[in-house]
Amino acid sequence: MAHRRIILLLAAAAVAATSAVAAASSGFDDSNPIRSVTDHAASALESTVIAALGRTRDALRFARFAVRHGKRYGDAAEVQRRFRIFSESLELVRSTNRRGLPYRLGINRFADMSWEEFQASRLGAAQNCSATLAGNHRMRDAAALPETKDWREDGIVSPVKDQGHCGSCWTFSTTGSLEAAYTQATGKPVSLSEQQLVDCATAYNNFGCSGGLPSQAFEYIKYNGGLDTEEAYPYTGVNGICHYKPENVGVKVLDSVNITLGAEDELKNAVGLVRPVSVAFQVINGFRMYKSGVYTSDHCGTSPMDVNHAVLAVGYGVENGVPYWLIKNSWGADWGDNGYFKMEMGKNMCGIATCASYPIVA
């Protein structure tokens, strides 16, 4: 009897280990679909989900996801719709991670959003970044270019922020670049107002929550006389009335520098020897589930009219033989690799060097 019990325990352990490996390959721990939620919250949501979907492992997995990310669904029809999207996202994660690519996907809070919803709430409309057609970055001594760079180690990169349900990525790329430049120049941290750019920079071919470009934002700040601090002009994530106040300015821009369209050698020179650079690229569906590794794709475009998301290049390096850009995103610190991702370098991947610029601060 004791011998049989040991065999059963070993078998159970093997099953558990297999489940854990499968969960790891999907980027989503489903070994116990309801384990990490509170009893009260789990019970309430489980009842809602079971009523709409039936008592299945997948339904409980979905309930756990919803509780973890604070989801609220209006009725049974919405539960069913979100569950269907979630299931498609889970399959995308698993199938991608089985391909042996240099990056991995994982389930995150975007897993129950359709691609159309995600585009509308997180990405901007394509912009014709004509400023980079003829760049004005002066190449610095290539002999001084470090093999790897991470400006976070220099203490000038500000914390990751979250743009919320507003296509204002361009404002966060802009403030991230300015915050780094200001701290580099003064030794002092600063948090700058994205909302001022959303509300006030429309005359410079920017469109608030519908998109814009850092190069155009730098021009606005230069001629406006400055950008207010975050404290004085806090973020709301919706288009509003401009209420910029000169007395609350946190930084002024003397000029901006543009990287020649597609010139990754210029971009590397700037990131390695100057400071973090605002960049933009084309987000395609799978990218929103990025978890770790060096992202690469054969399906994204590289032209100015392809790019739809602005971010901040804060370094570069090599991982498992693949050169990469280290990039700060604006989807919160719980997204990706603590709010960051790596993008393959050397192919102008997804247009990463197509619309790149950085400011010179006063």
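Each Cβ is built from the backbone N, Cα and C atoms, and glycine gets one as well.
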From Cys350, Cys355, partner that Swiss-Prot gives for the disulfide involving Cys300: Cys350
Among Cys166, Cys169, Cys242, cysteine joined to Cys209 by disulfide in Swiss-Prot: Cys166
Candidate in Cys169, Cys242 joined to Cys200 through a disulfide, as Swiss-Prot lists it: Cys242
Cα-Cα distance linking His309 (active site) and Asn128 (N-linked glycosylation site), given in Å to the nearest integer: 13
Fewest other C-beta atoms within 10 angstroms, as judged across Asn128, Asn258, Asn329, which are the recorded positions: Asn128
Alpha-carbon spacing, Cys242 (disulfide bond) to Cys209 (disulfide bond), which is rounded to whole Å: 14
Least buried by Cβ count (within 10 Å) of the recorded positions Cys166, Cys169, Cys242, Cys300: Cys242
Per DSSP, three-state class assigned to Asn128 (N-linked glycosylation site): coil
Integer Å distance between the CA atoms belonging to Asn329 (active site) and Cys200 (disulfide bond): 23
DSSP three-state assignment for Cys169 (active site): helix
